[in-house]
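Some features that Swiss-Prot has for this protein:
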| type | residues | note |
| --- | --- | --- |
| ACT_SITE | ASP141 | active site |
| ACT_SITE | ASP174 | active site |
| TRANSMEM | 8-28 | transmembrane segment |
| TRANSMEM | 44-64 | transmembrane segment |
| TRANSMEM | 68-88 | transmembrane segment |
| TRANSMEM | 98-118 | transmembrane segment |
| TRANSMEM | 166-186 | transmembrane segment |
Amino acid sequence: MTKKVWKFYGIALLAVVIDQVLKLWVYFNMQMGTLGQIKLLGNWFKLFYTLNPGMAFGIQFGFTYDKVLLTIIRIIATSMIIKYIWNLAKETNSSKWLLWGWSLILGGAAGNGIDSIFYGKILHNAPYGAPMSWFYGQVIDMLYIDLWSGRLPDWVPWYSGYYVTCLPVFNLADVAILAGVALIVLDKRASIQQPVQKYEATEVTDSELLETRHELVDPITEHNNTEHNHPEVEDK
């Protein structure tokens, strides 16, 4: 069992290592913004170095100490996932895809958590005005699918003139989290379909058994009816 658990912890660790290697490469080799972008697939897919002070895909809570709360949530969530994988791996009939999914989520959460906890101090990328360097690191994002970007027209309420992109810039940790969620959803759908198939198979089996029972009962009934129609004549 221990070997099985560490196998999936190893998957999470591999996701963290790959994520951190790419982030550090971007940090030391790329210029932030449009001037430093690297086109990988024409104008559609690029490496675009940017910093994200919030959660995955740039989501933020929007108050002064949201970064501290976010980091605490990441630490708690990571600890809970570690424990959950341990318990799940101990089950003899645990799904491999479910373990893969949670391992990828663990790797993604830990990868972005490292940025939040350490990068503000080590890479000095904490936002201006942050009360401390620790726990205020900004997550390094670099993967950009450029489907559309531009400024919203003036007639758009509340957000007129804002520069927006169709998809936010993300990183490999975000990809790992999304892939993990997808595997869990697929596993759940498969587990829902299996009982239905099993029930249908049981219905067929019960039907066959009922038919067999009728075949066994009918000769007995016919024999009883014959005796009833032709009673024995008593000797006088």
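Quick reminder: no glycine exception, Cβ is built from N, Cα and C everywhere.
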Other C-beta atoms within 10 angstroms of the C-beta of ASP141 (active site) total 25
For ASP141 (active site), which DSSP three-state class applies? strand
For the transmembrane segment (166-186), out of 8-28, 68-88, 98-118, most C-beta pairs under 8 A are with 98-118
With the cut-off at Cβ under 8 Å and a gap of six or more residues from its ends, the chain residues touching the transmembrane segment (98-118) are 8-9, 11-16, 19-20, 23, 55-56, 67, 70-71, 74-75, 77-78, 81-82, 84-85, 88-89, 134-140, 171-177, 179-184, 187
Under an 8 Å Cβ to Cβ limit, what residues of the same chain, 6 or more beyond the ends of the transmembrane segment (68-88), are close to it? 5, 8-9, 12, 54-55, 61, 94, 98-99, 102-103, 105-106, 109-110, 112-113, 116-117, 135-136
Translate the DSSP assignment of ASP174 (active site) into the three-state scheme. helix
